[in-house]
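The following features are taken from TrEMBL:
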BINDING   Lys123, Gln186, Gly215, Asp246, Lys384  UTP binding site
BINDING   His216  substrate binding site
Amino acid sequence: MAAAAAAVSVDEKLDKLRAEVAKLDQIRRVPFPHSTPLCTMGLPCSENEKAGFISLVSRYLSGEAEQIEWSKIQTPTDEVVVPYDTLASPPEDLEETKKLLDKLVVLKLNGGLGTTMGCTGPKSVIEVRNGFTFLDLIVIQIESLNKKYGCSVPLLLMNSFNTHDDTQKIVEKYSNSNIEIHTFNQSQYPRIVTEDFLPLPSKGKSGKDGWYPPGHGDVFPSLNNSGKLDILLAQGKEYVFVANSDNLGAIVDIKILNHLINNQNEYCMEVTPKTLADVKGGTLISYEGRVQLLEIAQVPDEHVNEFKSIDKFKIFNTNNLWVNLKAIKRLVEAEALKMEIIPNPKEVDGVKVLQLETAAGAAIRFFDKAIGINVPRSRFLPVKATSDLLLVQSDLYTLVDGYVIRNPARANPANPSIELGPEFKKVASFLARFKSIPSIVELDILKVSGDVWFGSGITLKGKVTITAKSGVKLEIPDGAVLENKDVNGPEDL
């Protein structure tokens, strides 16, 4: 009886939610004639979107999440996670390379805002180096590829409703480039009020706060719903290379593309060796005969330390993904992409709400001949904080044709570990506190806390800790060389 009552209550919840969602109009302001279907403009068709939302909630309420049986987890073999060094060299013939590249589309996940770094608008328009933004560098890279091989690799940007308007304006500046740029929006789902499981917008919260983008696992249905997938297939495109727009290492790799086409792999996740900084990152496992992503949230409490160990789980997901377009079409239409649901509780103006999200990497287990490729660390260079900006703006890297190239003068294969205090968190504050970016080619560890200001031409080597005492401004003078030093005041310089 208890089970029946619970089942009824789940059905009732869904029925009420469905009725309320049916009444919701999306908040997008569409500056186009209403006769133009949303799907053809890169905005998801709201009926498909509503159905996707109800399906996600239904799966969540049914508790269908499969528990991982720890004893069944196996370490993937080299056939499943292929070492990058064993990949065959791509064809040397330019015409053959052009044929390969003409099958490719590059898709950047562009839904995130730069708010955590104190910036307004999409994160991809933060200046990274030499006045270029993430988006500038991406466009320059693909332009140089198209020019070199005479190919036509298009760029797709998956925006969220948070970044759509700004991105539309920004891409206009690339209208004279030799690159076809498409934009489309990922889904826009209503936040669910935890107390009664009804959508927040139906309670008068009609602004953006009532809605959320449901994670990058939504890339597959949104690509289809937007009409872009059919356009790409009609152009003869076969693979999409998906990556975060803030990963400067996620560049087109002809060797990987060549391997996937020759081996008919429908899905490939780039993984790279874990360091102690990556212990929470998802990893690939072999599970019941298939390759699968294992995230820390799926790990039973008693095995969390084992999961974080770099001895047993040696690799982690970079979120650089290569996926066959026909396979996406097949699986989306069959509604077969039932990735693990990530519940994300939030609070909006004192109201507890729930967001249900999915991750693109978790889709790996639904594709045929899916593999991982264990790539060099250079293909994972994300900029999540100003400490990462310090790395990529320093002499540790140079910029060539939009590519960020690591300085061969650095002997240590690992990048320095950098911790900057909250005074450096916002990009504007970070830039103001450095007259010029220090030389860090020989730096191992840097920790900065308090009101610290850097002059120009400074060199940091080994392990350097700089701590300004509370209420004291500490200035590091021009030309200072700090090697294996603890600085707590001017007297230490």
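Numbers run from 1 along the shown chain.
From the backbone N, Cα and C atoms, a Cβ is placed for every residue, glycine too.
Projection of TrEMBL feature records onto the structure.
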residue	record	Cβ contacts under 8 Å, 6 or more apart
Lys123	UTP binding site	Gly112, Leu113, Gly114, Met117, Phe134, Ser245, Asp246
Gly215	UTP binding site	Ile342, Glu357, Thr358, Ala359
His216	substrate binding site	Leu109, Gly111, Met158, Gln186, Val242, Asn319, Ala359, Ala360
Lys384	UTP binding site	Thr116, Asp246
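For the UTP site, whose annotated binding residues are Lys123, Gln186, Gly215, Asp246, Lys384, the maximal Cα to Cα separation is 21 Å.
Around the Cβ of Gln186 (UTP binding site), 28 further Cβ atoms fall within 10 Å across all displayed protein chains.
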